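Marked as compositional bias 'Basic and acidic residues' by TrEMBL: A:9-22. The compositional bias 'Low complexity' annotation in TrEMBL covers A:23-34. According to TrEMBL, the feature domain 'Sodium channel modifier 1 zinc-finger' maps to A:44-70. Residues or ranges marked as domain 'Sodium channel modifier 1 acidic C-terminal' in TrEMBL: A:146-185. Among the features that TrEMBL reports, region 'Disordered' is placed at A:1-34.
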């Protein structure tokens, strides 16, 4: 990993991190984005062609890949749309269930009841749409900020900063720094 | 990819030169080897050196020696080359070429240790010839002649001695006794076997005489004596009645006369007073001058001082050896003394010179003699002298030389029509920036202002037999000005020309009458002063005129042609009329065939895009013989006749042919062959010349008819060594031109441009480029172009020299030391003024070289040069023994406040011997101040080795420091190391970048392709080359391809295979590039060599560029010997087939002159791949006609089609 020689602790830290990753992936079965096969390999369930990956490292690397991210976003979107559709259907079905009754029965009989129902319905449907809107805006906001964060992080890496096992930034011992250079620990991302 | 290789500019450096009478008779010629070409030069009457013949030999010439068989009038030339063959050439005056008389094979090809070819010596009587290797082998050939007086050569006699290194050989002049060859030899057999090194320390050089016993046909070692270990050169002393015989041994600090049974006579070589004590003085070149009654030697030292050596002798006993200071000129690789009183000095670097003898060193200069040689305890007492300006010689001509080309860029900095080539040339004080422009150099003789904008100019003689022109007629919008040509050019009024009207043509008619054509008529001025005027009928005006000596044709508005003919009485008579379908655009007569009075054809260009050939036969009545349609209306027509030639001055065989040239309105020059009998047109060629319609004029160049084409720049079409060359002139746009001949200039051209009249001559025909030189201070190393201000930043450095201040101080000291005593006016000297009457010119470093310092001392400077004004705007001399080695411009991102910066890599105290060591390396960062005209040091960063390569990359600086590649960012006090890769094998010498790829050139391991990963801040090597290449030049071609040149003279292209490249690019995670491992510490992927070509000369710079506007890119390269070449990629498969077949036939039918097999030469280190040798193909016109036809038949073409093809492909490059 490091070209500077074997005594750097960066490698050990990285291995430890990988082990933790491994454990995490084995424990968090709840996440349905992949499946561990009997051969010990992993299959990604998100990507449409379900690629088989040899190790958890490769899986995590794959999970960071643009194709996977795209597939995940698409899946999320699909889920959301499905949910919305479902909600709408439920509402509509409840409406249609009631409506024949109302049409068949007298409208004027129970105007108050009818009014309340429609209000509730409206309320419910706006709530759904509002929710959906909220989720979408949240998503885009986070993606922009993450891109910025990524850029900033890259800048620090290129300037010679590294992260230790706690996610803290430290200076690479082989890289030189100017006296007044920005410290990523001080100005958080 | 297939490439076509072509030399654009022949090598200009000289490896060896020799003098002889190759043409025969009294004349003397200089034969010059320029690496792989052989030239025959001769100073003409005016003292200009002209090239008689130049031939590419496709091999490395290592030695030349002329010899003459007794009683013969003509010299032969023996050539030692890398072909493993001895070749004897004879110059054929008739065909102007060298003929191979003998070719004797004796060994393997290539420059090898024990294969002879490095040294050649010949018996002064021309009876035997010795060819020697650097080690062991020496072969002697006996030369004789057979009954028909042809040269014969014996089988070789061996004079080998193992474990012996040869330093120099020469033939000893011993009259008609058995031929003797002398050699400086060193026996290393004991040194080789002695591990303690004692024997090596005691090794002794010997002077050995080899005698060829003509009776026994055997060579024996006759005499061997130890000589100084500093001996390096032998010069033969005349003998056999003319002198004492024997040899001069040139050794370090001494010249020693040696002969068998003769005590040695030794004299010390005088030293310059300012030479450091530990430096010796060596002789590098020698020339002998012999006359009937006397002889002397001119020997040049490594510092450029020339000494005249004379021997006092009685019979064959030498009593005294005298060495007298003669003159000083730049160090030569060879000197030749001509009988006509010239000295040709073939410079080691830089321009060659021709000097004329003013005296032969009889003045009172410092002299050292064997008679007063003093030996003290410390050794021999030295003799000192002070170099002075030329006194015995006078410089009369210089031959420009680019050698060595250190760096080169093709750029259009001057916004001209074609790009300029900027080259760094030369060495030490003779170095320069040379700006090469494609085109012929012109020599402007006069420029004079005219009263208004002129439209045309003509020159006329008064009589057809006159040598010079009498009148120059300039036509304006509404007037005509007549000038007489004499000592001066002045206006005349008694010429009888009509001056109130513009003129359309002015010419000499018949023997001695003049004609002026103006829009309203023809004015015929007879010799006796009578004037005949012919007026146009009705309101018609004359629009175009064509004329020759006896015929005139005019075109009237509306398309009517009237043809006049001169009768026996000298009267101009209307002979015929013809109606053309539309207005006539131009007219031209064909040349008058030999032995006839009238031209047979008239060419008429019309605005309907046609050219017609009309018959002028009285019986035909201006009948149309042929019609050629062209792409645009023709503007100007000219017939150009090429006389039949079988070699001769032309150097080529071709039949007589007639070309019709037409300048079309779209700027194209259209050329077609006219059948001289039927007038049919065939074989058309066209070439774009410029943005204006070319106007064509006939002029004389070297006594032959040539064509001047005036488009947006002027061009000259002429025949040179069998090729029709159409070359631009380096001159501004001209309006109208005429040939001009007066007693001041025999072959000039007069032209009008706006309101100026210009007279000029055309120089150095046959050359592709003309040069402008700007001198530099030290050996230039590299340069960068500062694109915004169009300046150049040049780094220069030299080893073993003093800095400018030290030199100035030394000079002052020196002046004071001997100047005060002489005349006491030191004040004038401080200003660099004259030093009294003794030295009438200040000592220039170009002439005398820099004073020598200790060998580990470096001087260096950084220069900002404005090439347009030729002005140096900033010159920073580096201090502290630092020398600059690399330079680049860099823009640091995030540090915008600085803008563009200049990074310079320097080394401090670099030594190469006994081991390469360096005290420290530095990277200087300079800021541009004063609008980019000057530099200011921002800071300098110490590094552990010399940074030999610098390059900007993603807003940071990449530096190759020894074997480490580092990425630097700009800090406040120094550069900050951000990332590095130490996995390069040797030393990084070149860095190129493209997107995120980095292409590294290693000094001995070819290219390495790298990638920088920002997210990890790491540099990875993902591909390298399989071949160990000692890289001398590199250039980036495309994303996967690099072009490189190695120090053995090969050019190659390395390309990453497409699938590998795709794999690397489609690796989003980067895991592959990170983890993949190559075998044996190499990179995981390997580049492929797709092109391979042996140039035969060390290529020092490469660039992809186009030399013609709108042309495709080719690779332009410059070499150490000062040549420029190009590699052009073929665009069609047919062309590849055609040229590879032509090359194959040429290889078979026209093997190279020095005996090297062409294919073997081009594949000297690696088999040639996908490159066709254009230099060989271009020798096609020099073949005999029947051979040309035979090859053409094999290719299913005609010889003229092949010539056309060759011309076309050349025109694509330049």
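Think of each number as a place in line: the chain as shown, counted from 1.
Every residue, even glycine, has its Cβ placed from backbone N, Cα and C.
Note that the structure is a prediction, hence the values are computed from the model and not measured.
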Residues outside the domain 'Sodium channel modifier 1 zinc-finger' (A:44-70) whose C-beta sits under 8 Å from one of its C-beta atoms, at least 6 past its ends, are 18, 21-22, 25, 32-35, 37
Grab the same-chain neighbours of the domain 'Sodium channel modifier 1 acidic C-terminal' (A:146-185) for me: Cβ-Cβ under 8 Å, and only residues 6 or more beyond its ends, written as numbers and ranges. 4, 10, 13, 16-17
Across the domain 'Sodium channel modifier 1 acidic C-terminal' (A:146-185), what are the DSSP residue counts per state (helix, strand, coil)? 14 helix, 6 strand, 20 coil
Please average pLDDT over the domain 'Sodium channel modifier 1 zinc-finger' (A:44-70) for the predicted structure. 84
By DSSP, what is the split of the compositional bias 'Basic and acidic residues' (A:9-22) into helix, strand and coil residues? 13 helix, 0 strand, 1 coil
Helix, strand and coil residue totals from DSSP for the domain 'Sodium channel modifier 1 zinc-finger' (A:44-70) stand at 14 helix, 3 strand, 10 coil
